[in-house]
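The next block holds one structure in the form of structure tokens; read it before the comments.
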Amino acid sequence: MAIDEEKHVHETAVNVVDAVADLSEDKREIYDVAATFLTDVAARPDAFELLAPWTEAEENAVKRKLDRIVMPLLFFSNLMSGTDKVLLGTAVTFGLRTDLHLVGQQYSWPYFAMIGFVFLQSYIFQKFPIGKTIAVNVVFYGVCTFAISGVKNFAALAACRFLLGVFEGAGHSATGLIIAMWWKKSEQPWRTAVMFSTLSSVVNGLLSYAMQFYNPGPISRWRLLFVIMGCWSVIVGTMDFFFLPADPTAAWWLTDRQKVIAIKRTAGNQTGILNHHVKWDQVKEGLLDEKTWLINVSLNIPNGGLIGFNSLIVQSLGYTVKEVTLLAIPTGVISWVSSLIFARLASKTRRPLLCVIASILICLAATVMLKVIPRSNKGGSLAGLFILYCYWAPYIIMGSSILYANVAGTTKKVAVFGISYWGYCVGNLVGPQTFISKEAPLYPSATMTMLIGYCLSILLVCLYGFSCWRSNKLKVKQQEEWEANHHEQDVAEEWKDLTDRQNPYFRYTW
């Protein structure tokens, strides 16, 4: 190492130690886990080697590890949660509603538990190792899925669905916290789309099609579906427990040098890593921030209807049960591919909100197709329904990628991600109720609700963009005032647990 470079690394190490050496309880509340880790590293004899500037090859090696370990684990964890939602609609076509003597939409109410427990779950994620808590949740909603296979009536089904909602409701916030701590803002959109895949429809479709060849014996087809998926969820949760770390500093499959790179490469996000102290002032800020409420419910209303009732819509076109299960497969592929394409466009163009609006317009056009094309035109109706499944693209970019990039401060993230998930739950409660059985096969109430929801979404997205633009203008003044009172930036400034509003160097993505 050159003398000047070694001197710079030494000064950096000393400054980091000086900034956070007194790790009293007050200091621990100010700084996140990255500061604690870097302080320990800076005090080691090999600090020069560990803190030295890294090469592009070193950073790429770290990214490959993240993409090969963290991303697949979250992909399968979220896949299990999504599969349960579409699995229920298929189970209805296999006789669940008849066997349990259900009426109307009695089988579509897991979201009350999610609404009631999302903040408790988010609190647990902040206070305890997030990898272990995700693992426990995945295992337990696997157990609940397995339990559904044995229910005999609506009361038992409702109890299992309630518990399922308790454990499933944490996935959105947990994934958001992990994405924000592991990847740069520019890397987040595409990876968010990957991890929140809609391939649950593919898994469900293939598995359901296979069930057509099963000759029911001691267990009916719909019960066997829940047995298989319950066991698979338990396996995924077990993998999470051993391989998904609490944060980059706790990843046993990274070397100390790679941990330093994993932490410091995301410093430009200005969103921090993780702080285990709950800060009520950050909760208040999240509640009073208008951007929190502009991440809206309306995108989730058509989401809720389509996920739970796609099988019913397709079946109303005259297709057989076997054809319904096969036709569910393209919907997941279309949703996922559309989200990947628009996520990539958002990263390349650096205009994510324009990409959101473009994807919403596609969904709006598809809704118009469903409304005006007669159901006697099976091909046209099915085409409109398939195009409508591009709905996942605006949800991923707006409800996940932009949200994760634009919220800083661990407690504020927990609060805002939880509120966003409330919107998801409310939308999924409202959506299915618009598909009224007596209105089949046109479902005019559902299509009108979708039209209104998408138009409202475009308006709210525009308002969100204006709010970000205005806030960034104010940020320039905030930074100037801060620098006028501070001759140099604190070396550990990026590792303070500051919110996006408190941090003068933070800029909103829009």
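Residue 1 is the first one shown; counting continues down the chain.
A Cβ is built for glycine as well, from the same backbone N, Cα and C atoms used for every other residue.
Because TrEMBL annotations are produced automatically, they should be read as predictions rather than curated entries.
The transmembrane segment feature in TrEMBL is assigned to 108-126, 138-164, 190-210, 222-244, 324-346, 353-373, 385-407, 414-431, 451-469.
Contact counts against the transmembrane segment (222-244), taken as Cβ pairs under 8 Å, peak for 138-164 among the stretches 138-164, 190-210, 324-346, 385-407. Among the stretches 108-126, 138-164, 190-210, 414-431, 451-469, the one making the largest number of Cβ pairs under 8 Å with the transmembrane segment (353-373) is 451-469.
Listed stretches 108-126, 138-164, 324-346, 385-407 were compared with the transmembrane segment (190-210); the greatest number of C-beta pairs under 8 angstroms is found for 324-346. At the 8 Å Cβ cutoff, the transmembrane segment (138-164) and the transmembrane segment (324-346) share fewer than 3 close pairs (sequence separation 6 or more) and do not count as touching.
Panel annotation: around the transmembrane segment (324-346), residues 86, 90, 93, 189-190, 192-194, 196-206, 208-209, 211-212, 306, 310-311, 314-315, 352, 355-356, 358-359, 362, 382, 385-387, 389-397, 401 of the same chain, lying at least six beyond its termini, place a Cβ under 8 Å from a Cβ of the stretch. Highest Cβ pair count under 8 Å relative to the transmembrane segment (451-469), across stretches 108-126, 385-407, 414-431: 385-407.
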